[in-house]
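Input: a single structure, listed below in C-alpha coordinates.
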Amino acid sequence: MTQTAHPDTVLIVDFGSQVTQLIARRVRESGVYCEIVPFQSAEDGFHRLKPKAVILSGSPASTLDVGSPRAPSVIFESGLPVFGICYGQQTMCAQLGGKVESGHHREFGRAFLEVEKDCPLFEGLWSLGSRHQVWMSHGDRVTALPDGFEVVATSSNAPFAFIADEKRRYYAVQFHPEVVHTPDGAKLIANFVHKIAGIKGDWTMSAYRAKAVEAIRNQVGDKKVICALSGGVDSSVAALLIHEAVGDQLTCILVDHGLMRKDEAANVVAMFKEHYNLHLLHVDASDRFIGELEGVSDPETKRKIIGRLFIEVFEEEAGKLGGADFLAQGTLYPDVIESVSFTGGPSVTIKSHHNVGGLPERMNMQLVEPLRELFKDEVRVLGRELGLPDSFIGRHPFPGPGLAIRCPGGISREKLEILREADAIYLDEIRKAGLYDAIWQAFAVLLPVQTVGVMGDGRTYEFVCALRAVTSVDGMTADFYHYDMEFLGRAATRIINEVRGINRVVYDVTSKPPGTIEWE
(Lines of atoms letter the chains of each structure in order from A and count residues from 1; the text may use other names and numbers.)
(Lines give C-alpha, C1' and ligand atoms only; values in the text may rest on other atoms or scores of the structure.)
Protein backbone atom coordinates (compact mmCIF):
# COMPACT_ATOMS: atom_id res chain seq x y z
CA MET A 1 0.00 0.00 0.00
CA THR A 2 1.43 3.36 -0.93
CA GLN A 3 1.66 5.81 1.91
CA THR A 4 -1.28 8.13 2.32
CA ALA A 5 -0.84 11.86 1.77
CA HIS A 6 -0.51 14.05 4.87
CA PRO A 7 -0.90 17.79 4.33
CA ASP A 8 0.57 18.68 7.76
CA THR A 9 3.80 16.71 8.10
CA VAL A 10 6.92 17.18 10.21
CA LEU A 11 10.19 16.01 8.67
CA ILE A 12 12.69 14.50 11.11
CA VAL A 13 16.23 14.42 9.73
CA ASP A 14 18.06 11.46 11.27
CA PHE A 15 21.79 11.86 11.88
CA GLY A 16 22.13 8.41 13.42
CA SER A 17 20.89 8.90 16.98
CA GLN A 18 19.76 5.82 18.90
CA VAL A 19 16.66 7.74 20.06
CA THR A 20 15.45 9.34 16.82
CA GLN A 21 12.35 7.14 16.87
CA LEU A 22 11.44 8.69 20.23
CA ILE A 23 11.29 12.11 18.55
CA ALA A 24 8.79 10.69 16.07
CA ARG A 25 6.79 9.11 18.89
CA ARG A 26 6.53 12.47 20.69
CA VAL A 27 5.42 14.26 17.53
CA ARG A 28 2.81 11.57 16.78
CA GLU A 29 1.57 11.70 20.40
CA SER A 30 0.78 15.39 19.84
CA GLY A 31 -1.54 14.43 16.98
CA VAL A 32 0.83 15.40 14.17
CA TYR A 33 2.09 13.11 11.41
CA CYS A 34 5.85 12.89 10.89
CA GLU A 35 8.40 10.85 9.00
CA ILE A 36 12.03 10.03 9.73
CA VAL A 37 14.40 10.47 6.79
CA PRO A 38 18.18 9.80 6.92
CA PHE A 39 20.35 12.86 6.39
CA GLN A 40 21.77 11.40 3.16
CA SER A 41 18.34 11.56 1.49
CA ALA A 42 16.89 14.46 3.50
CA GLU A 43 16.71 16.81 0.52
CA ASP A 44 14.67 14.29 -1.48
CA GLY A 45 12.53 13.67 1.59
CA PHE A 46 11.97 17.40 1.99
CA HIS A 47 10.66 17.76 -1.57
CA ARG A 48 8.57 14.57 -1.33
CA LEU A 49 6.90 15.34 1.99
CA LYS A 50 6.55 19.13 1.68
CA PRO A 51 6.71 19.45 5.48
CA LYS A 52 5.38 22.26 7.64
CA ALA A 53 8.33 21.98 10.06
CA VAL A 54 11.69 20.22 10.43
CA ILE A 55 13.40 18.59 13.42
CA LEU A 56 17.13 17.76 13.35
CA SER A 57 18.07 14.73 15.47
CA GLY A 58 21.05 13.93 17.65
CA SER A 59 24.02 11.86 16.48
CA PRO A 60 27.08 9.98 17.75
CA ALA A 61 29.08 11.98 15.18
CA SER A 62 31.04 15.18 15.80
CA THR A 63 30.44 18.30 13.71
CA LEU A 64 34.21 18.85 13.92
CA ASP A 65 35.00 15.71 11.92
CA VAL A 66 35.68 15.96 8.20
CA GLY A 67 32.62 14.78 6.28
CA SER A 68 30.34 14.80 9.32
CA PRO A 69 26.58 14.87 8.61
CA ARG A 70 24.92 18.13 7.63
CA ALA A 71 21.35 19.25 7.07
CA PRO A 72 20.57 20.11 3.44
CA SER A 73 20.67 23.86 2.82
CA VAL A 74 17.14 23.77 1.39
CA ILE A 75 15.85 23.38 4.96
CA PHE A 76 17.34 26.70 6.08
CA GLU A 77 16.32 28.39 2.82
CA SER A 78 12.69 27.27 3.10
CA GLY A 79 11.48 29.69 5.76
CA LEU A 80 10.10 26.76 7.76
CA PRO A 81 10.49 26.46 11.55
CA VAL A 82 13.41 24.21 12.54
CA PHE A 83 14.12 22.53 15.89
CA GLY A 84 17.65 21.20 16.44
CA ILE A 85 18.30 18.59 19.15
CA CYS A 86 21.82 18.01 20.54
CA TYR A 87 23.87 17.30 17.37
CA GLY A 88 21.01 19.01 15.52
CA GLN A 89 21.78 22.18 17.50
CA GLN A 90 25.48 21.89 16.76
CA THR A 91 25.13 21.39 13.00
CA MET A 92 22.53 24.17 12.82
CA CYS A 93 24.96 26.58 14.48
CA ALA A 94 27.93 25.38 12.42
CA GLN A 95 26.00 25.73 9.16
CA LEU A 96 24.58 29.16 10.01
CA GLY A 97 27.85 30.82 11.05
CA GLY A 98 28.24 29.93 14.71
CA LYS A 99 31.05 28.01 16.35
CA VAL A 100 31.25 24.51 17.81
CA GLU A 101 34.16 23.17 19.85
CA SER A 102 35.05 19.88 21.46
CA GLY A 103 34.13 19.82 25.13
CA HIS A 104 36.76 19.15 27.78
CA HIS A 105 34.57 16.29 29.02
CA ARG A 106 31.34 14.62 27.95
CA GLU A 107 28.19 15.77 29.70
CA PHE A 108 25.91 12.81 30.28
CA GLY A 109 22.88 12.52 32.52
CA ARG A 110 20.60 14.79 34.47
CA ALA A 111 21.06 18.56 34.35
CA PHE A 112 18.96 21.56 35.32
CA LEU A 113 18.04 24.46 33.06
CA GLU A 114 17.32 28.00 34.22
CA VAL A 115 15.06 30.07 31.97
CA GLU A 116 16.84 33.33 31.08
CA LYS A 117 14.28 34.78 28.66
CA ASP A 118 10.63 34.30 27.76
CA CYS A 119 10.13 32.30 24.57
CA PRO A 120 7.03 31.26 22.56
CA LEU A 121 8.16 27.65 22.93
CA PHE A 122 7.71 27.94 26.72
CA GLU A 123 4.09 29.13 26.53
CA GLY A 124 1.97 27.44 29.19
CA LEU A 125 5.02 25.49 30.35
CA TRP A 126 8.02 27.45 31.65
CA SER A 127 8.35 30.98 33.02
CA LEU A 128 11.23 33.41 33.43
CA GLY A 129 13.59 32.33 36.21
CA SER A 130 12.12 28.83 36.57
CA ARG A 131 14.32 25.72 36.85
CA HIS A 132 13.73 22.44 35.02
CA GLN A 133 15.29 18.97 34.77
CA VAL A 134 16.61 17.84 31.37
CA TRP A 135 18.80 14.99 30.07
CA MET A 136 22.18 15.75 28.50
CA SER A 137 24.32 13.44 26.35
CA HIS A 138 27.02 15.25 24.38
CA GLY A 139 30.74 15.86 23.96
CA ASP A 140 30.95 18.86 21.61
CA ARG A 141 29.28 22.14 22.49
CA VAL A 142 28.30 25.43 20.87
CA THR A 143 30.66 28.26 21.87
CA ALA A 144 29.49 31.12 19.62
CA LEU A 145 26.00 31.77 18.27
CA PRO A 146 25.09 32.55 14.64
CA ASP A 147 23.68 36.01 13.91
CA GLY A 148 20.08 36.38 15.08
CA PHE A 149 20.27 33.77 17.86
CA GLU A 150 20.06 34.44 21.58
CA VAL A 151 20.19 32.33 24.71
CA VAL A 152 16.82 31.54 26.31
CA ALA A 153 17.94 28.97 28.93
CA THR A 154 21.24 27.79 30.41
CA SER A 155 22.62 25.01 32.60
CA SER A 156 25.69 25.02 34.84
CA ASN A 157 27.78 23.25 32.16
CA ALA A 158 25.98 24.45 29.01
CA PRO A 159 25.70 28.25 28.60
CA PHE A 160 23.96 27.69 25.23
CA ALA A 161 21.67 24.87 26.42
CA PHE A 162 18.58 26.42 24.77
CA ILE A 163 18.92 29.00 21.99
CA ALA A 164 16.48 30.63 19.59
CA ASP A 165 16.22 32.86 16.55
CA GLU A 166 12.58 33.77 16.96
CA LYS A 167 12.41 35.85 13.77
CA ARG A 168 13.31 32.83 11.64
CA ARG A 169 11.56 30.39 14.02
CA TYR A 170 14.76 28.44 14.68
CA TYR A 171 15.05 26.73 18.06
CA ALA A 172 17.85 24.48 19.27
CA VAL A 173 18.68 22.61 22.47
CA GLN A 174 21.77 20.84 23.77
CA PHE A 175 19.68 18.32 25.74
CA HIS A 176 17.29 15.56 24.64
CA PRO A 177 13.60 16.54 25.01
CA GLU A 178 12.45 13.25 23.46
CA VAL A 179 13.56 11.03 26.37
CA VAL A 180 11.49 10.41 29.50
CA HIS A 181 14.32 11.79 31.67
CA THR A 182 13.37 15.27 30.40
CA PRO A 183 9.95 15.52 32.09
CA ASP A 184 8.68 18.48 30.03
CA GLY A 185 10.31 17.36 26.79
CA ALA A 186 7.18 16.00 25.12
CA LYS A 187 5.38 19.29 25.86
CA LEU A 188 8.26 21.29 24.36
CA ILE A 189 8.04 19.24 21.16
CA ALA A 190 4.24 19.65 21.13
CA ASN A 191 4.62 23.42 21.55
CA PHE A 192 7.03 23.48 18.61
CA VAL A 193 4.70 21.66 16.22
CA HIS A 194 1.49 23.37 17.42
CA LYS A 195 2.40 26.89 18.52
CA ILE A 196 5.48 27.56 16.39
CA ALA A 197 4.67 25.58 13.23
CA GLY A 198 0.91 26.16 13.54
CA ILE A 199 -0.05 22.53 12.87
CA LYS A 200 -3.49 21.63 14.22
CA GLY A 201 -2.78 18.19 15.60
CA ASP A 202 -5.73 16.40 14.02
CA TRP A 203 -3.89 13.25 12.93
CA THR A 204 -5.88 10.51 14.67
CA MET A 205 -6.35 6.78 14.27
CA SER A 206 -9.93 7.43 13.19
CA ALA A 207 -8.69 9.63 10.34
CA TYR A 208 -5.92 7.15 9.53
CA ARG A 209 -8.44 4.31 9.39
CA ALA A 210 -10.61 6.13 6.85
CA LYS A 211 -7.65 7.03 4.63
CA ALA A 212 -6.15 3.54 4.85
CA VAL A 213 -9.44 1.88 3.87
CA GLU A 214 -9.69 4.16 0.84
CA ALA A 215 -6.06 3.46 -0.13
CA ILE A 216 -6.54 -0.32 0.18
CA ARG A 217 -9.63 -0.19 -2.05
CA ASN A 218 -7.74 1.85 -4.64
CA GLN A 219 -4.79 -0.55 -4.59
CA VAL A 220 -6.66 -3.87 -4.54
CA GLY A 221 -9.65 -3.05 -6.73
CA ASP A 222 -11.64 -6.26 -7.26
CA LYS A 223 -8.65 -8.61 -6.83
CA LYS A 224 -8.05 -11.24 -4.13
CA VAL A 225 -5.93 -10.76 -1.01
CA ILE A 226 -4.52 -13.42 1.30
CA CYS A 227 -3.17 -12.71 4.77
CA ALA A 228 -0.93 -14.84 6.96
CA LEU A 229 -2.69 -14.48 10.29
CA SER A 230 -0.37 -15.35 13.18
CA GLY A 231 -2.75 -14.46 15.97
CA GLY A 232 -0.54 -11.53 16.96
CA VAL A 233 -1.70 -7.93 17.18
CA ASP A 234 -0.03 -6.67 13.98
CA SER A 235 -1.37 -9.27 11.55
CA SER A 236 -4.79 -9.20 13.25
CA VAL A 237 -5.19 -5.42 12.95
CA ALA A 238 -3.97 -5.52 9.33
CA ALA A 239 -6.50 -8.26 8.53
CA LEU A 240 -9.42 -6.36 10.07
CA LEU A 241 -8.50 -3.14 8.27
CA ILE A 242 -8.23 -4.92 4.91
CA HIS A 243 -11.48 -6.80 5.57
CA GLU A 244 -13.23 -3.49 6.23
CA ALA A 245 -11.94 -2.25 2.87
CA VAL A 246 -12.54 -5.25 0.58
CA GLY A 247 -14.67 -7.71 2.56
CA ASP A 248 -14.76 -11.26 1.20
CA GLN A 249 -11.95 -10.56 -1.25
CA LEU A 250 -9.71 -11.29 1.76
CA THR A 251 -8.87 -14.80 2.93
CA CYS A 252 -6.79 -15.29 6.07
CA ILE A 253 -4.68 -18.39 6.63
CA LEU A 254 -3.59 -19.35 10.14
CA VAL A 255 -0.82 -21.94 9.97
CA ASP A 256 -0.79 -23.73 13.33
CA HIS A 257 2.77 -25.00 13.78
CA GLY A 258 2.06 -26.59 17.15
CA LEU A 259 4.28 -24.06 18.90
CA MET A 260 1.62 -21.67 20.19
CA ARG A 261 0.59 -21.11 23.79
CA LYS A 262 -2.15 -23.20 25.38
CA ASP A 263 -5.47 -22.97 23.45
CA GLU A 264 -4.15 -19.97 21.50
CA ALA A 265 -4.92 -21.16 17.97
CA ALA A 266 -8.46 -22.24 18.89
CA ASN A 267 -9.15 -18.95 20.68
CA VAL A 268 -7.91 -16.85 17.76
CA VAL A 269 -9.97 -18.82 15.24
CA ALA A 270 -13.08 -18.55 17.40
CA MET A 271 -12.68 -14.80 17.90
CA PHE A 272 -12.25 -14.00 14.22
CA LYS A 273 -14.93 -16.35 12.91
CA GLU A 274 -17.57 -15.51 15.51
CA HIS A 275 -17.05 -11.78 15.95
CA TYR A 276 -15.57 -10.52 12.68
CA ASN A 277 -16.98 -12.88 10.04
CA LEU A 278 -13.60 -13.26 8.36
CA HIS A 279 -12.95 -15.99 5.82
CA LEU A 280 -10.31 -17.82 7.86
CA LEU A 281 -8.60 -21.13 7.15
CA HIS A 282 -7.07 -22.87 10.16
CA VAL A 283 -4.37 -25.26 8.95
CA ASP A 284 -3.11 -27.71 11.57
CA ALA A 285 0.44 -28.44 10.43
CA SER A 286 1.78 -29.28 13.89
CA ASP A 287 2.81 -32.84 12.96
CA ARG A 288 4.85 -31.56 10.04
CA PHE A 289 6.63 -28.84 12.04
CA ILE A 290 7.32 -30.84 15.19
CA GLY A 291 8.38 -33.87 13.14
CA GLU A 292 11.18 -31.86 11.52
CA LEU A 293 12.08 -29.97 14.69
CA GLU A 294 12.33 -33.02 16.93
CA GLY A 295 15.84 -33.32 18.32
CA VAL A 296 17.09 -30.05 16.74
CA SER A 297 18.94 -28.01 19.37
CA ASP A 298 20.56 -25.11 17.49
CA PRO A 299 18.25 -22.05 17.79
CA GLU A 300 19.10 -20.63 14.37
CA THR A 301 18.43 -24.00 12.74
CA LYS A 302 15.06 -24.11 14.52
CA ARG A 303 14.16 -20.69 13.12
CA LYS A 304 15.18 -21.66 9.59
CA ILE A 305 13.16 -24.89 9.69
CA ILE A 306 10.09 -23.03 10.96
CA GLY A 307 10.45 -20.28 8.33
CA ARG A 308 10.94 -22.76 5.48
CA LEU A 309 8.02 -24.97 6.53
CA PHE A 310 5.75 -21.98 6.96
CA ILE A 311 6.41 -20.85 3.41
CA GLU A 312 5.82 -24.38 2.09
CA VAL A 313 2.51 -24.80 3.95
CA PHE A 314 1.32 -21.30 3.11
CA GLU A 315 2.10 -21.77 -0.59
CA GLU A 316 0.22 -25.07 -0.64
CA GLU A 317 -2.87 -23.58 0.99
CA ALA A 318 -2.81 -20.47 -1.18
CA GLY A 319 -2.58 -22.73 -4.23
CA LYS A 320 -5.72 -24.58 -3.14
CA LEU A 321 -7.53 -21.23 -3.10
CA GLY A 322 -6.52 -20.58 -6.69
CA GLY A 323 -3.89 -18.01 -5.73
CA ALA A 324 -4.27 -14.29 -5.12
CA ASP A 325 -2.92 -11.03 -6.48
CA PHE A 326 -2.01 -9.47 -3.14
CA LEU A 327 -0.35 -10.62 0.07
CA ALA A 328 -1.20 -8.72 3.26
CA GLN A 329 1.58 -8.12 5.75
CA GLY A 330 1.61 -6.43 9.17
CA THR A 331 4.77 -4.41 8.54
CA LEU A 332 5.19 -1.51 11.00
CA TYR A 333 6.97 1.83 10.59
CA PRO A 334 10.11 0.81 12.55
CA ASP A 335 10.49 -2.09 10.09
CA VAL A 336 10.85 0.25 7.12
CA ILE A 337 12.86 3.13 8.57
CA GLU A 338 16.29 3.29 7.00
CA SER A 339 19.06 2.72 9.52
CA VAL A 340 21.68 5.44 9.33
CA SER A 341 25.46 5.11 9.31
CA PHE A 342 26.98 8.54 9.93
CA THR A 343 30.32 7.32 8.51
CA GLY A 344 28.99 6.10 5.18
CA GLY A 345 25.91 5.57 3.07
CA PRO A 346 22.52 4.51 4.36
CA SER A 347 21.96 0.82 4.89
CA VAL A 348 18.32 -0.02 4.45
CA THR A 349 17.13 -2.58 6.95
CA ILE A 350 13.68 -4.02 6.34
CA LYS A 351 12.80 -6.76 8.76
CA SER A 352 11.08 -9.62 6.98
CA HIS A 353 8.46 -11.18 9.20
CA HIS A 354 9.65 -14.75 9.66
CA ASN A 355 6.22 -15.93 8.50
CA VAL A 356 6.09 -14.25 5.11
CA GLY A 357 9.69 -13.57 4.17
CA GLY A 358 10.20 -14.23 0.47
CA LEU A 359 6.57 -15.04 -0.23
CA PRO A 360 5.67 -12.03 -2.42
CA GLU A 361 8.48 -12.82 -4.90
CA ARG A 362 7.94 -16.59 -4.87
CA MET A 363 4.20 -16.30 -5.40
CA ASN A 364 4.28 -13.30 -7.75
CA MET A 365 2.09 -11.17 -5.49
CA GLN A 366 2.08 -7.50 -4.57
CA LEU A 367 2.25 -6.47 -0.93
CA VAL A 368 -0.55 -4.74 0.95
CA GLU A 369 0.94 -3.15 4.08
CA PRO A 370 -1.72 -0.96 5.71
CA LEU A 371 0.25 -0.46 8.96
CA ARG A 372 3.59 0.58 7.49
CA GLU A 373 3.19 4.18 8.72
CA LEU A 374 2.44 3.21 12.33
CA PHE A 375 4.34 2.50 15.52
CA LYS A 376 3.31 -0.43 17.73
CA ASP A 377 1.39 1.70 20.21
CA GLU A 378 -0.52 3.30 17.33
CA VAL A 379 -1.42 -0.15 15.98
CA ARG A 380 -2.95 -0.95 19.36
CA VAL A 381 -5.01 2.25 19.24
CA LEU A 382 -6.14 1.36 15.71
CA GLY A 383 -7.02 -2.15 16.90
CA ARG A 384 -9.31 -0.68 19.55
CA GLU A 385 -10.78 1.61 16.90
CA LEU A 386 -11.56 -1.52 14.85
CA GLY A 387 -13.21 -3.22 17.82
CA LEU A 388 -10.56 -5.65 19.03
CA PRO A 389 -10.94 -6.23 22.79
CA ASP A 390 -8.34 -4.86 25.22
CA SER A 391 -7.67 -8.40 26.41
CA PHE A 392 -6.36 -9.16 22.90
CA ILE A 393 -4.72 -5.81 22.15
CA GLY A 394 -2.77 -5.79 25.41
CA ARG A 395 -1.31 -9.28 25.11
CA HIS A 396 2.40 -9.68 25.70
CA PRO A 397 4.66 -10.05 22.63
CA PHE A 398 5.09 -13.60 21.41
CA PRO A 399 7.94 -14.68 19.08
CA GLY A 400 7.20 -16.00 15.60
CA PRO A 401 9.01 -19.32 16.25
CA GLY A 402 6.84 -19.68 19.34
CA LEU A 403 7.66 -22.17 22.08
CA ALA A 404 10.50 -23.62 19.98
CA ILE A 405 12.83 -20.90 21.29
CA ARG A 406 11.52 -21.21 24.84
CA CYS A 407 12.60 -24.84 24.92
CA PRO A 408 16.43 -24.67 24.67
CA GLY A 409 18.03 -27.81 23.34
CA GLY A 410 16.18 -30.52 21.48
CA ILE A 411 12.40 -30.28 21.06
CA SER A 412 9.89 -33.05 21.61
CA ARG A 413 6.11 -33.18 21.89
CA GLU A 414 6.45 -34.11 25.55
CA LYS A 415 8.63 -31.10 26.32
CA LEU A 416 6.31 -28.73 24.47
CA GLU A 417 3.29 -29.96 26.43
CA ILE A 418 5.13 -29.60 29.74
CA LEU A 419 6.19 -26.06 28.79
CA ARG A 420 2.71 -25.12 27.54
CA GLU A 421 1.11 -26.13 30.86
CA ALA A 422 3.74 -24.37 32.99
CA ASP A 423 3.44 -21.20 30.92
CA ALA A 424 -0.37 -21.19 31.24
CA ILE A 425 -0.19 -21.53 35.04
CA TYR A 426 2.42 -18.76 35.30
CA LEU A 427 0.35 -16.32 33.21
CA ASP A 428 -2.77 -17.26 35.17
CA GLU A 429 -1.03 -16.35 38.44
CA ILE A 430 0.17 -13.05 36.94
CA ARG A 431 -3.38 -12.14 35.91
CA LYS A 432 -4.81 -13.15 39.30
CA ALA A 433 -2.27 -10.88 41.00
CA GLY A 434 -3.27 -7.96 38.73
CA LEU A 435 0.27 -7.69 37.34
CA TYR A 436 -0.24 -8.56 33.67
CA ASP A 437 -0.47 -4.99 32.35
CA ALA A 438 2.51 -3.86 34.45
CA ILE A 439 4.79 -6.37 32.72
CA TRP A 440 6.07 -6.01 29.15
CA GLN A 441 6.54 -9.74 28.63
CA ALA A 442 6.33 -12.84 30.82
CA PHE A 443 6.81 -16.49 29.95
CA ALA A 444 8.14 -19.85 31.10
CA VAL A 445 11.22 -21.59 29.70
CA LEU A 446 11.80 -25.34 29.92
CA LEU A 447 15.50 -25.94 30.49
CA PRO A 448 17.35 -28.95 29.03
CA VAL A 449 18.41 -29.83 32.56
CA GLN A 450 16.98 -32.39 34.97
CA THR A 451 17.49 -32.27 38.72
CA VAL A 452 16.85 -34.53 41.67
CA GLY A 453 13.79 -33.81 43.78
CA VAL A 454 11.63 -35.42 46.43
CA MET A 455 7.87 -35.63 45.95
CA GLY A 456 5.92 -37.61 48.52
CA ASP A 457 8.17 -40.45 49.59
CA GLY A 458 9.78 -40.83 46.20
CA ARG A 459 12.82 -39.49 44.42
CA THR A 460 12.20 -37.56 41.19
CA TYR A 461 14.51 -36.63 38.35
CA GLU A 462 12.68 -34.03 36.27
CA PHE A 463 13.07 -30.80 34.31
CA VAL A 464 13.83 -27.29 35.58
CA CYS A 465 11.43 -24.49 34.60
CA ALA A 466 12.71 -20.90 34.43
CA LEU A 467 10.27 -18.01 34.78
CA ARG A 468 10.98 -14.75 32.96
CA ALA A 469 9.28 -11.35 33.30
CA VAL A 470 10.57 -7.97 32.14
CA THR A 471 9.54 -4.34 32.06
CA SER A 472 10.34 -2.30 28.97
CA VAL A 473 9.14 0.59 26.85
CA ASP A 474 10.04 -0.74 23.41
CA GLY A 475 11.81 -4.07 23.90
CA MET A 476 15.21 -2.55 23.01
CA THR A 477 16.26 -2.52 26.67
CA ALA A 478 14.55 -4.29 29.55
CA ASP A 479 14.80 -4.87 33.28
CA PHE A 480 13.64 -7.98 35.10
CA TYR A 481 10.35 -7.53 36.95
CA HIS A 482 10.73 -7.27 40.71
CA TYR A 483 8.15 -9.72 42.04
CA ASP A 484 7.65 -10.20 45.75
CA MET A 485 8.80 -13.59 47.00
CA GLU A 486 5.29 -14.62 47.98
CA PHE A 487 4.15 -14.41 44.36
CA LEU A 488 7.13 -16.40 43.09
CA GLY A 489 6.59 -19.05 45.74
CA ARG A 490 2.93 -19.37 44.83
CA ALA A 491 3.61 -19.65 41.07
CA ALA A 492 6.42 -22.17 41.60
CA THR A 493 4.32 -24.33 43.92
CA ARG A 494 1.45 -24.50 41.42
CA ILE A 495 3.75 -25.41 38.53
CA ILE A 496 5.51 -28.18 40.47
CA ASN A 497 2.25 -29.57 41.85
CA GLU A 498 0.22 -29.39 38.63
CA VAL A 499 2.72 -30.09 35.83
CA ARG A 500 4.15 -33.59 35.60
CA GLY A 501 7.77 -33.41 34.51
CA ILE A 502 8.92 -30.32 36.48
CA ASN A 503 10.36 -30.51 39.99
CA ARG A 504 12.26 -27.22 40.23
CA VAL A 505 11.46 -23.59 39.32
CA VAL A 506 13.94 -20.69 39.06
CA TYR A 507 13.48 -16.98 38.26
CA ASP A 508 15.61 -15.16 35.66
CA VAL A 509 16.95 -11.83 37.01
CA THR A 510 18.95 -10.85 33.90
CA SER A 511 18.38 -7.43 32.34
CA LYS A 512 18.78 -6.53 28.65
CA PRO A 513 21.62 -5.85 28.05
CA PRO A 514 23.60 -7.99 28.78
CA GLY A 515 20.98 -10.71 28.19
CA THR A 516 18.18 -10.80 25.64
CA ILE A 517 14.53 -11.06 26.62
CA GLU A 518 14.08 -14.47 24.99
CA TRP A 519 16.49 -17.27 25.85
CA GLU A 520 17.12 -18.19 22.19
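Placement of Cβ uses the backbone N, Cα and C atoms for every residue, glycine included.
Database features, via Swiss-Prot:
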| type | residues | note |
| --- | --- | --- |
| DOMAIN | 9-202 | domain 'Glutamine amidotransferase type-1' |
| ACT_SITE | Cys86 | active site, nucleophile |
| ACT_SITE | His176 | active site |
| ACT_SITE | Glu178 | active site |
| DOMAIN | 203-395 | domain 'GMPS ATP-PPase' |
| BINDING | Ser230, Gly231, Gly232, Val233, Asp234, Ser235, Ser236 | ATP binding site |
On average, residues of the domain 'Glutamine amidotransferase type-1' (9-202) score a pLDDT of 92
Residues close to ATP site centre defined by Ser230, Gly231, Gly232, Val233, Asp234, Ser235, Ser236, Cβ within 8 Å: Leu229, Val237, Ala238, Gly330
Across every protein chain in view, the count of C-beta atoms other than its own within 10 A of the C-beta of the residue listed as 'active site, nucleophile' is 26
Nearest to Cys86 (active site, nucleophile) by C-alpha distance, among the recorded positions His176, Ser230, Val233, is His176
Any idea what DSSP makes of Gly232 (ATP binding site), helix, strand or coil? coil
Length of the line joining the Cα atoms of Gly232 (ATP binding site) and Glu178 (active site), in Å: 29
Here the binding-site residues are Gly231, Gly232; which one has the lowest number of other Cβ atoms no more than 10 Å from its Cβ? Gly232
Within 10 angstroms of the C-beta of Val233 (ATP binding site), the count of other C-beta atoms across all shown chains comes to 22
Roughly how many Å lie between the Cα atoms of Ser230 (ATP binding site) and His176 (active site), rounded to a whole value? 37
